[in-house]
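Engineer: Quick one: the structure is below, questions incoming.
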Amino acid sequence: MTTILENLPAGQKVGIAFSGGLDTSAALHWMRIKGAVPYAYTANLGQPDEDDYDAIPKRAIQYGAEGARLIDCRAQLVAEGIAALQCGAFHISTAGVTYFNTTPIGRAVTGTMLVAAMKEDGVNIWGDGSTYKGNDIERFYRYGLLVNPDLKIYKPWLDQQFIDELGGRAEMSEFMRQAGFEYKMSAEKAYSTDSNLLGATHEAKDLESLESGIKIVNPIMGVAFWRDDVKIDKEAVTVRFEEGRPVALNGVEYKDAVELLLEANRIGGRHGLGMSDQIENRIIEAKSRGIYEAPGLALLYIAYERLVTGIHNEDTIEQYRENGRRLGRLLYQGRWFDPQAIMLRETAQRWVARAVTGEVTVELRRGNDYSILATRSPNLTYQPERLSMEKVQSTFSPRDRIGQLTMRNLDITDTRDKLRIYSEVGLLTPGESSALPKLKEDESGN
């Protein structure tokens with residue numbers, strides 16, 4: 001049975017998801033001097049705040065890693081991000097502004113690809129920097145075990161000895177300095193940031209207070225659109241989809257989806273598009289707050305949704321949205337590769353996305369302020385001549401509509417009878433200022 005190790009497994013190989021930051025650097029060196037055999041695995045997720053990926057494995061070796069590998073996860077990350085977009089797998093929103101589940105998508109890719117690399121090296125113990133209060137500890141647990149059923153989990157941040165010796169950033173910085181690495185602790189920010197090519201998450205510290213707003217955040221994928229001194233010119237951009245896949249921006253075709261998303265990030269980022277402030281429910285049902293960036297996905301999603309609504313009928317769109325919200329929750333919970341998620345993904349990608357071919361032109365302004373300027377698709381079922389108020393060849397006549405309205409008498413009569421019954425049993429009372437009935441107040445006045 002898979003176990004979570006509470007103490008360092010001395011003498012054994014331990015894989016650590018290594019970012020090169022202070023926490024994982026100190027943890028790796030600490031594990032080495034305590035007798036474990038650490039292996040470092042770094043995921044290249046196209047993080048916008050990382051300048052030199054090649055240097056990270058080299059630092060891991062300096063800190064005591066027996067081996068260090070850089071795993072390029074960008075293509076898989078973008079593939080999963082586009083799959084989520086095709087399915088509308090986004091369940092968190094506030095007043096219509098969407099969080100694009102960029103961190104959960106990143107965890108699905110990291111959790112599977114890094115553990116697969118560890119398995120190749122005969123490393124069956126995995127550690128990472130997730131804490132016991134967050135979502136990632138469960139996401140990584142699930143994805144890791146899917147790839148390697150023999151996996152055991154060791155997290156330094158769940159090891160009391162590690163916590164006692166290196167429980168804070170100041171202690172970690174001093175530990176590294178005394179070890180001769182001259183590791184300088186970076187300036188403390190008012191919040192923490194986690195990012196990948198799809199988007200960035202800002203949370204914790206000052207952002208835990210709902211009295212602190214988006215204005216304390218320094219965007220890393222776009223501009224602070226709320227600042228008066230930030231000049232932003234409006235810009236028209238055209239996005240083209242073929243069978244549900246984004247293939248071109250402003251007439252430029254991209255064979256590499258990673259390059260397309262990078263350009264979409266640049267375009268959307270110039271306007272601060274895709275930033276949102278969300279209160280959400282973590283997997284353990286406690287509420288948390290995050291401020292998110294996803295300029296490229298936001299741009300693609302605007303165009304994709306426009307085409308979906310112009311191509312598919314109402315019932316299909318309703319099912320797409322309901323399934324998307326459900327799939328978004330599964331993704332958030334670390335269940336992106338579970339059977340129920342695969343079933344929902346297959347439905348949307350096959351029967352919704354494959355019909356989405358066309359292009360949409362959007363005018364971007366500041367933040368999430370935009371207008372759709374044009375929509376073109378050979379698959380549109382929107383045909384204005386069907387409902388034109390002008391004198392045109394119509395698909396139905398006035399007499400046809402009279403017949404259709406007459407048929408409505410059946411359900412109108414049924415509704416009237418039901419309202420009478422509700423009134424007779426005391427559920428409804430006639431409104432004093434309206435011909436419509438209203439709910440009868442209970443004894444408490446509600």
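Glycine is treated like the rest: Cβ placed from N, Cα and C.
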Engineer: Based on Swiss-Prot, name the residue from E6, E263, E280, E285 that is recorded for the same L-citrulline site as Y99, N135, R139, S192, T201, E203.
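Structural biologist: Record source Swiss-Prot; matching candidate: E280.
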Engineer: Pick the one from A43, A116, A117 that Swiss-Prot also lists for the ATP site with A17, F18, S19, G20, G21, L22, D23, T24, S25, G129, T131, D136, D194.
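Structural biologist: Looking at A43, A116, A117, the one Swiss-Prot places in the ATP site next to A17, F18, S19, G20, G21, L22, D23, T24, S25, G129, T131, D136, D194 is A43.
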Engineer: Would you identify the secondary structure of T131 (L-aspartate binding site) according to DSSP, in three states?
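Structural biologist: Where T131 (L-aspartate binding site) sits, the three-state DSSP reduction gives coil.
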Engineer: Taking every protein chain in this structure into account, which of the binding-site residues D23, D136, E280 has the most other Cβ atoms within 10 Å of its Cβ?
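Structural biologist: The residue with the densest Cβ neighbourhood is D136.
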Engineer: Measuring CA to CA, name the entry from the binding-site residues A17, S19, D23, S25, G129 that ends up nearest N135 (L-citrulline binding site).
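Structural biologist: Closest by Cα distance to N135 (L-citrulline binding site) among the binding-site residues A17, S19, D23, S25, G129: G129.
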Engineer: Quick one: which residues besides T131, N135, D136 have a Cβ within 8 Å of the L-aspartate site's Cβ centroid, in sequence order?
Structural biologist: S130, Y132, K133, G134, I137, E138, R139
